[in-house]
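Peer 1: Would you mind keeping the following structure in view while I ask a few things?
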């Protein structure tokens, strides 16, 4: 019965899921090459002895043990409310004990709906995968196809049988709406799941690769960030399908990201990095022409620190702090931190000189006064 569901996967695709089933009416399917019969768990299963003539009675055995006569009717064996314990080898024998036929019975469930998810890393390929929503316990195959409005059904190519994946190569550009059909088949029937996708909403590039962060010589607040296109994005079609990039960065320890955006370029310069701090940098990409397409996941975190002025050894020189009247020895000091003891020595010499000069002047003055007296 048709219904509406949401398909959740590596990407979230909102679409219409149209579900329908076409079960084989018979509950038992017989392999024509080997005597293997398949039945539905929990149902009534009838085994028929093909070697019996004209419906003559036969004796049945299960894994070498006799089967109660109440379950047999002429050449048939009826099993009710089947369980996995009833799986195994059944054989029928005539009145003389001669083996007429051996049948291997396998029990399981009819096909069920599958959960389908699709991703589109570029304009040339859509990758779809699916998983069972119910284990059938029986051999299962899948057919995969897609279609667009008023067009024939095209195959969604499965590269490896047994791997539940298929690829739509070079989808038409004139429409963005596709129907993806995954049909599960086993000996008890078939069941199809149809997912409607919008290629524009599905488009999600892979993250940019080879992200590098370089210091800018002489600039303590700048970092140069460079990266490469996602390898899955076609370089030869960049003119037709350009990418927009979003860069985010923050000093380690901060909870807040700064952001920069650029179109087509594969490098950006951060101008306001925090001096002397290690920064985290990431980049993501989006199709530049389809605004409602999805951003890629963020690239791996790269850490870098802006340029720091190299530390220089302090220069040394000889400074002569000798005083004209009092000899002093030259000392070794740096141009930033002169020795304070030398200043103290010069000041002391000056004070002594002034004291002597004052004493001489006092002596001269006293002599003059004495003479005049």
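From the backbone N, Cα and C atoms, a Cβ is placed for every residue, glycine too.
Feature annotation from TrEMBL assigns signal peptide to 1-26. Here TrEMBL flags 42-92 as domain 'Ig-like'. Annotated domain 'Fibronectin type-III' per TrEMBL: 207-307, in sequence order. Per TrEMBL, transmembrane segment is recorded for 348-372.
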Peer 1: Please spell out the DSSP helix, strand and coil residue counts for the domain 'Ig-like' (42-92).
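Peer 2: Counts, helix then strand then coil: 6 helix, 21 strand, 24 coil.
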Peer 1: Using DSSP, what's the helix, strand and coil tally for the domain 'Fibronectin type-III' (207-307)?
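Peer 2: For the domain 'Fibronectin type-III' (207-307), the helix, strand and coil counts are 3 helix, 44 strand, 54 coil.
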Peer 1: So what's the mean pLDDT when you look at the domain 'Ig-like' (42-92)?
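Peer 2: Here the predicted model's pLDDT, averaged over the domain 'Ig-like' (42-92), is 86.
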